[in-house]
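*Asks:* This is the structure, below, for whatever I ask next.
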Amino acid sequence: MPDRIILKLGGSVITDKERGDAGVIRESVLQEVARALKEYADIPLLLIHGAGSCGHPQARQYHIQSGVSRENREGIYATHQAVSALNELVVRTLRAEGIEAVSVHPLEGMVASGGELSGYCLTHLHLMIDLGIVPVLHGDVVMDTEKGACIVSGDQLVRVLAQKLGMKRIGLATDVPGLLDADGSVVRELRRTMAHTIRIEGSGSVDVTGGMQGKISELLRLADIGIESDIFHISRLQDFLSGADHGGTRILPEGA
Ligand SMILES: Nc1ncnc2c1ncn2[C@@H]1O[C@H](COP(=O)(O)OP(=O)(O)OP(=O)(O)O)[C@@H](O)[C@H]1O
Ligand SMILES: C=C(C)CCOP(=O)(O)O
């Protein structure tokens, strides 16, 4: 049986994130991704996608990251609805290519405490993957025991699910070729001790989960427990899936 893969499709890839509130979904990109994934249908896969312009603008508008009370509670519905609509299209596009994809919404089965996932059952994901089903999760608003509710990014889901489900290969496809240094060159390998030497910022667009900075911080936590991961440009998806060099960044444990 080939190694299980977690693939995160960045919101910057599948939506037009720069158009902010417009919520434009890049359907042609989704179709290309679905065609690429179909060629690797024998690989057990769990897919996660970001929100891009279908969730970040709503999360910002309702100040979800500052905590949710009765005053802004309608932001839970608005944010979840926006990213769920994106999720539905992702799943529909995959299924149209013959991929047995099923939506799994974090809001419905996960709880956070202080912004970090703290309560969840993952048995259903194991069972789906064993049946050759591709669960499709997404960054979402989830209820939070301390903050009322919070945003859990697709990158946080990558970290938690990679660890808890014992996934062997972890790939994050985004709109840049990898982590870039000050010269614009791709940092091919990143370890925690060198991370402070690189200027890592948020996203150029509306983003409540920290953009590249949030991504690297989650992936370094994964590296701390011995799990490697890869960031690459979406145009190199086939290379990642086939195990070839994708030209991006590998986040590695310290001694590796
Ligand atoms: N040093 C850096 N190298 C590369 N990108 C960087 C760097 N610093 C900041 N960025 C920004 O990070 C962005 C990628 O992070 P972002 O969170 O927007 O991607 P995503 O995961 O595709 O989107 P989403 O969070 O909506 O799923 C790039 O488009 C770039 O603007
Ligand atoms: C804003 C929402 C709903 C999810 C954010 O997830 P991300 O796009 O992976 O950072």
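The backbone N, Cα and C atoms fix where each Cβ goes, glycine too.
Remember, it's a predicted structure, so these values are computed and weren't measured experimentally.
What TrEMBL lists as domain 'Aspartate/glutamate/uridylate kinase' is 4-231. Marked as ATP binding site by TrEMBL: LYS8, LEU9, GLY10, GLY11, SER12, GLY52, ASP175, GLY211, LYS215. According to TrEMBL, the feature site 'Transition state stabilizer' maps to LYS17. Feature annotation from TrEMBL assigns substrate binding site to ALA51, HIS56, GLY154.
Provide an account of the burial state, proximal residues and distances for the features listed.
*Replies:* In the structure as shown, the Cβ atom of LYS8 (ATP binding site) sits within 10 Å of 29 other Cβ atoms.
Within 10 Å of the C-beta of LYS17 (site 'Transition state stabilizer') we count 27 further C-beta atoms, all protein chains included.
For ALA51 (substrate binding site), other Cβ atoms within 10 Å of its Cβ number 32. Annotation note: ALA51 (substrate binding site) sits in a coil segment as assigned by DSSP.
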*Asks:* Please report the number of other Cβ atoms within 10 Å of the Cβ of GLY154 (substrate binding site).
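*Replies:* There are 27 of them.
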*Asks:* Looking at the binding-site residues GLY10, SER12, ASP175, LYS215, which have a C-beta within less than 6 Å of some atom in ligand 2?
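*Replies:* Checking each Cβ against ligand 2, none of them comes under 6 Å.
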*Asks:* Under 6 Å from ligand 1 by C-beta, which of these binding-site residues make it: LYS8, GLY10, SER12, ALA51? Sequence order, please.
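*Replies:* With ligand 1 as the reference and 6 Å as the Cβ limit, the list reads GLY10, SER12, ALA51.
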*Asks:* Which residues in the same chain, at least 6 apart in sequence, have a Cβ under 8 Å from the Cβ of SER12 (ATP binding site)?
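*Replies:* Same-chain residues close to SER12 (ATP binding site) (Cβ under 8 Å, separated by 6 or more) are GLY50, GLY52, THR174, ASP175, SER203, SER205.
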*Asks:* Could you pull the average pLDDT for the domain 'Aspartate/glutamate/uridylate kinase' (4-231)?
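*Replies:* Averaged over the domain 'Aspartate/glutamate/uridylate kinase' (4-231), the predicted model reaches a pLDDT of 95.
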*Asks:* For the ATP binding site, please report the maximum Cα-Cα distance among LYS8, LEU9, GLY10, GLY11, SER12, GLY52, ASP175, GLY211, LYS215 in Å.
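*Replies:* Largest Cα to Cα distance for the ATP-binding set is 14 Å.
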